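Notes for the one structure printed next.
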């Protein structure tokens with residue numbers, strides 16, 4: 001395996017990068033469209049509908065609603081308020097479809113996966129949520145303007161516009177601004193909705209999610225309150241008949257169906273059969289495979305542990321392969337919940353409990369890494385704990401190869417980037433198992449240890465020399481005892497990808513799957529974009545951040 005690997009690392013010829021800048025830009029744009037055409041089409045459809053309903057309501061209140069008398073009182077405010085309300089009325093209900101995990105996993109096995117990027121559902125969820133929040137703020141500002149106009153208008157005019165809530169009692173003094181916000185149902189519900197959005201937005205940010213996943217979990221359940229308040233907010237029909245429920249009913253029915261599927265699985269406790277505390281804060285759990293549990297390599301599940309005093313679910317990628325009898329997870333302690341889970345499986349805790357704490361399981365759910373089998377040549381890049389989906393994929397690949405199963409994939413390059421060799425220890429057993437089963441030499445594994453390169457003193461220089469000599473003589477790594485090649489430093493993705501085009505000239509598309517911290521996936525994406533400026537093999541990148 002390592003004998004052939006150096007051929008992959010041939011540095012690209014300088015002449016290949018000398019191109020007209022305009023041609024580079026055009027080529028890069030074409031490749032971007034090809035890579036993300038499904039995303040672009042879905043984006044256009046979703047936000048085209050949003051723009052359409054906003055435009056329709058804005059046009060109606062600017063030119064078609066003179067009979068109501070409202071536009072004559074506050075034209076600009078009413079156009080902004082009603083237009084943005086229409087956009088929000090579409091986005092908030094249909095954002096539910098992006099979190100129907102079971103339905104998404106089911107649909108991505110159908111022909112629809114060729115047209116809809118199901119694996120980008122969470123990205124679309126974030127974009128739709130951000131857009132809806134921005135429109136909600138604009139809606140509020142529109143009503144702030146409206147309230148200002150109403151608070152200086154004659155009472156007899158207001159009583160004609162809003163006969164249900166304002167009576168012409170002979171007084172010419174109109175209601176003050178705070179009456180509109182805090183003494184009317186639409187005003188109170190609107191203020192409460194803004195507070196709910198603020199809480200959800202803050203605790204959904206990456207920073208707060210890492211500090212307290214429970215805070216994110218709890219505040220996101222405010223979505224129930226949001227939908228109830230939104231229905232009440234528009235039910236008083238101050239300006240128009242309620243329309244929100246028309247948008248809400250179809251996606252909410254599908255969302256409830258998806259929830260019922262998840263709840264049906266959550267009733268079963270999954271007994272843990274083995275646990276092991278590994279270096280770098282990684283907890284290895286092996287548990288019984290539920291009856292009828294079918295999954296594919298690279299998929300993930302959500303687990304809960306009631307012994308931790310909470311029923312919150314956390315997502316983790318399965319490191320076991322579909323042909324194995326048990327399910328395994330490698331969970332790194334990076335937050336309060338995962339740290340408490342690790343403490344629960346210490347020897348002292350297990351002696352006190354007398355048995356392994358049981359888990360609740362929800363899943364499996366699909367990710368883009370399942371598409372590794374759609375390419376003749378695939379590159380898997382894992383950083384840190386991001387190696388977990390690829391351990392499952394590698395085991396699945398060599399198993400299918402050993403039983404002579406028909407697979408499109410002819411070669412897989414697995415690159416794992418880790419700071420220290422100590423972090424690599426828990427993966428070495430899995431890679432050793434892969435190497436023993438890989439009689440066809442389908443997998444080429446390369447480990448990059450970055451911390452050694454950062455402290456390149458005499459000791460690490462000698463380690464580097466010994467490692468290279470050991471690999472050359474014994475065809476094994478001095479560090480790991482594996483055939484996989486160990487490198488010191490960061491992977492040269494551009495040189496690596498360029499040489500792949502020379503090693504596999506017959507391949508027109510190469511799948512690249514990266515999983516790890518944002519910095520790693522960003523570097524892989526940049527390398528793919530640079531390679532896609534050329535007229536050779538097309539690199540299609542799928543990524544997931546931890």
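Yeah, the Cβs are placed from backbone N, Cα and C, and that goes for glycine too.
Among the features that TrEMBL reports, domain 'FAD-binding FR-type' is placed at 265-371.
Positions annotated as transmembrane segment by TrEMBL: 40-60 (among others).
If you look up TrEMBL, you'll see 80-107 (among others) marked as transmembrane segment.
Within the chain carrying the transmembrane segment (177-204), a Cβ under 8 angstroms from the stretch's Cβ atoms is held by residues 129, 133, 136-137, 140, 143, 147-148, 150-151, 165, 212, 215-216, 218-220, 222-223, 225-226, 229-230, 232-234, 236, 238, all 6 or more beyond its ends. Residues annotated as transmembrane segment in TrEMBL: 177-204 (among others).
For the transmembrane segment (216-238), the residues of the chain that approach it from at least six positions outside its boundaries are 85, 88-89, 92-93, 162, 164-165, 184-186, 189-190, 192-193, 196-197, 199-200, 202-204, 208-209, 244-245, 248, 252, 312, judged by C-beta separation under 8 angstroms. The feature transmembrane segment is assigned by TrEMBL to 216-238 (among others).
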What DSSP reports for the domain 'FAD-binding FR-type' (265-371) is 25 helix, 40 strand, 42 coil
